[in-house]
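Taken from Swiss-Prot, the feature active site applies to 274, supported by sequence analysis. Positions annotated as Ca(2+) binding site by Swiss-Prot: 194, 218, 222. Look at Swiss-Prot and you will find 54-71 tagged as disulfide bond. The N-linked glycosylation site annotation in Swiss-Prot covers 36. Taken from Swiss-Prot, the feature repeat 'PbH1 1' applies to 159-202. Residues or ranges marked as repeat 'PbH1 2' in Swiss-Prot: 203-224. Here Swiss-Prot flags 227-248 as repeat 'PbH1 3'. Feature annotation from Swiss-Prot assigns signal peptide to 1-25; the stated evidence is sequence analysis.
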C-alpha cells in the first residue's frame, strides 16, 4: 500500500473518531440541562413583590411556616400572628358545634386564648354554621391545602396580631347569631352576623394576604370602629358588589386613627364598588390592579387621606363611568380640600383620577408604615399571583 493510500485511511479514521466523539458530546449536552433550564428548575416559581419575596420560592416553607410572620409590610407590618405559638393542625372540616367545638376543628383552634399557628391537614370545604370568631395572636395558614370557608365569615373583634393567609372565603350569608364560642371561656351570646367575608372591628395589627374573596351578603372586607395597623395584600376580589369598607359611618370618629394599606391586590371586573370606600383615616393604596368597575373604584367621605400610588386603573367602556373616584357627603368646594393624591398611577381606557388637596406632611407613624410604590406599569407583574396560591410541601410555593 502506498503512502498516499495510508494518508487517506488515516484521514478517514480521524474524521470518523471526531464524528463519534461529537455525537457522544451531543448526547451529553442533551442529557445535561442548560444553565437556563437549571435556573428555572431551581427557582420553581417567581416572586414578584416585596412581600412574596420574603417567603415564596423557598422549598422548605412548609418546615418553616412561621417565617411568614416576618413578612408583613405597610401599616400591618408589626403583625406576627401565631409566630411564637404552637402549630395547631385542623384535622376536621366539621363545624357542627359552635358552643363547644371539638379539638381538631378550625373553630376550636381559632378561639384558644394563646398564640397558635393554624394549618390544615388536607383540602377542606368548611361550611361555617355561624361567624368564625378569631382571638388574638393567631395565624390561619391555608398553604399546602385548598381551604374554603363557606356560609360564615371571619370576625376579628377587639383583638390584636392576626394573620389570615391563603384562604378562599365565599358565599357568606347573614347568620342568626346565638351562643357562639368566642374565646377560651364559655360561649357567649352574639348578635346576627353582618354577612361580611372578613369583619375587623376595634382591632389592630391585622394582615390579610393571598386570600380569594367573593359572593358575600354584605362586604368582602370591612374594617371599622377604631381598627388600625391593617394590611390587605395579594388578595383577589371577585364576583361581588361591595369589596372593601374602611370606616363604617360618618359618625364613628374613632376611625380618625385608622391606618390601612392595600397593596398588590386584584379587583376584577365583577366587583362594582368600594375598592376601597374610606372614612376619616389614612390610607395608602399601592400597586393594585383595577380591571374595570361598575360604579367607581375608590370612594370616601368624612375627609379621609388617600394616597394612590402606582396603581393600574382600567376604566369600564361606558363613557359615564370613567371616574376612578367618588366623593360623598360634601360639595365640591369642601371635598377639593381633602387630600386624595395620585402618583405614578396608570390610567387606561379613558380612566380619570380627579385629585384634590395637597401632598400631606406625614407623621412619624405614617412614614414608618409607608410602602415603596413601584411604577404603575409594573402592576400586572406585581399582582400576577394575587389570590389563593397552590402550594405543595417540599416544593417552592
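Cβ coordinates are placed from backbone N, Cα and C, and glycine is handled just like the others.
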Could you tell me the C-alpha distance between residue 274 (active site) and residue 54 (disulfide bond) in angstrom, no decimals?
29
What's the CA-CA gap between residue 222 (Ca(2+) binding site) and residue 71 (disulfide bond) in angstrom, rounded?
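With distance taken Cα to Cα, residue 71 (disulfide bond) is 23 Å from residue 222 (Ca(2+) binding site).
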Does DSSP put residue 274 (active site) in a helix, in a strand, or in coil?
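In three-state terms, residue 274 (active site) counts as coil.
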Mind checking which residues of the chain, 6+ beyond the ends of the repeat 'PbH1 2' (203-224), have their Cβ under 8 Å from one of its Cβ atoms?
51, 72, 76, 78-79, 81, 153, 156-174, 194-197, 230-240, 242-249, 252, 255, 258, 260, 274, 385-389
What whole-number Å value do you get for the CA-CA distance of residue 71 (disulfide bond) and residue 194 (Ca(2+) binding site)?
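Approximately 31 Å lies between the Cα of residue 71 (disulfide bond) and that of residue 194 (Ca(2+) binding site).
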Other residues with Cβ within 8 Å of the Cβ centroid of 194, 218, 222 at the Ca(2+) site?
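Sorted by sequence, the hits are 153, 195, 196, 199, 216, 217, 219, 245.
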Could you list the residues of the same chain, at least six apart in sequence, whose Cβ is under 8 A from the Cβ of residue 194 (Ca(2+) binding site)?
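In sequence order, 153, 174, 217, 218, 219, 222 meet the Cβ cut-off.
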Give the sequence-ordered list of residues that share a chain with residue 54 (disulfide bond), lie 6 or more positions from it, and have CB atoms under 8 Å from its CB.
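Residue 54 (disulfide bond) has long-range Cβ partners 68, 70, 71.
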Quick one: among the binding-site residues 218, 222, which has the most Cβ atoms sitting within 10 Å of its own Cβ?
222
Out of 71, 274, which of the recorded positions has the smallest number of neighbouring Cβ atoms within 10 Å?
71
According to DSSP, does residue 194 (Ca(2+) binding site) fall in a helix, a strand, or coil?
coil
From the DSSP assignment alone, can you count helix, strand and coil residues within the repeat 'PbH1 3' (227-248)?
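Summed over the repeat 'PbH1 3' (227-248), the classes give 0 helix, 16 strand, 6 coil.
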What does DSSP call residue 71 (disulfide bond) in the simple three-state scheme?
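DSSP call for residue 71 (disulfide bond): coil, neither helix nor strand.
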